[in-house]
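As given in TrEMBL:
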| type | residues | note |
| --- | --- | --- |
| TRANSMEM | 12-32 | transmembrane segment |
| DOMAIN | 41-202 | domain 'Thioredoxin' |
| DISULFID | C79-C83 | disulfide bond |
| BINDING | C79, C83, H166 | Cu cation binding site |
Amino acid sequence: MNSTSRSALRIVRWTAWTLVAVLAVVLAIAWYGRGAQQTVAEAKPYATPFQLTDQNSRAVTEQDLLGKPSAWFFGFTHCPDVCPTALAEMAQVLNELGQDGDKLNVVFVSVDPARDTPAILKEYVAYFDERILALTGTDQQLRDLTKARYVFYKKAGDGESYEMEHTAGVQLATADGRFFGTLDSHEPADVRLQKVRRLIDG
């Protein structure tokens, strides 16, 4: 197969998986309801049981995150664009919230446990904001959590330079563990901030 054919196949593959990822987000929003336009009282269950490991090698469960609303993003540290963009936007939200930033859990879950060790995750999220909680786990732990959260991910490519295709939206959850909606990088920054303030204010 020549280089032109390989490039064409690569484009087709990425396009197909992008459509799958978009569909996963749409299905999640449809399943859980009206998303961020709803009130906290209307939010749907989200706090599915899990046990993962944070960037300090400590065990974290769903119970540890209850009590404060949360913003969840699933990605990987070798991600060239979507992940750093999402984390930079969440760091901006935390800064714009001022003191209220401490009322929000920002959670980054790596779907690439083979490369994203706790030490690597710690260095990675610290670049954006040290308040971001980074989580990893076994393949099975991640499959269980992402299935429950309607998050898509899949390894793409071989060798050390493989990519991880994954759902790109930020999922919001209430302090008592209910789905509240999503944030999208295509939204204006003030819209994302408004959604988070609505979540925090209840």
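FYI, residue positions are counted from 1 along the chain as it appears here.
Here the Cβ of each residue, glycine as well, is placed from N, Cα and C on the backbone.
All TrEMBL annotations are machine predictions without curation.
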### Message
Suppose we draw a 10 Å sphere around the Cβ of C79 (disulfide bond). How many other Cβ atoms does it contain, all chains included?
### Response
20
### C-beta crowding around C83 (disulfide bond), within 10 angstroms
22
### Task
Round to the nearest Å and give the CA-to-CA distance linking H166 (Cu cation binding site) with C83 (disulfide bond).
10
### Query
Which three-state DSSP class does C83 (disulfide bond) fall into?
helix
### Query
Can you list, in sequence order, the residues of the same chain other than C79, C83, H166 whose CB lies within 8 Å of the CB centroid of the Cu cation site?
F74, G75, F76, V82, A86, V111, M164, A168
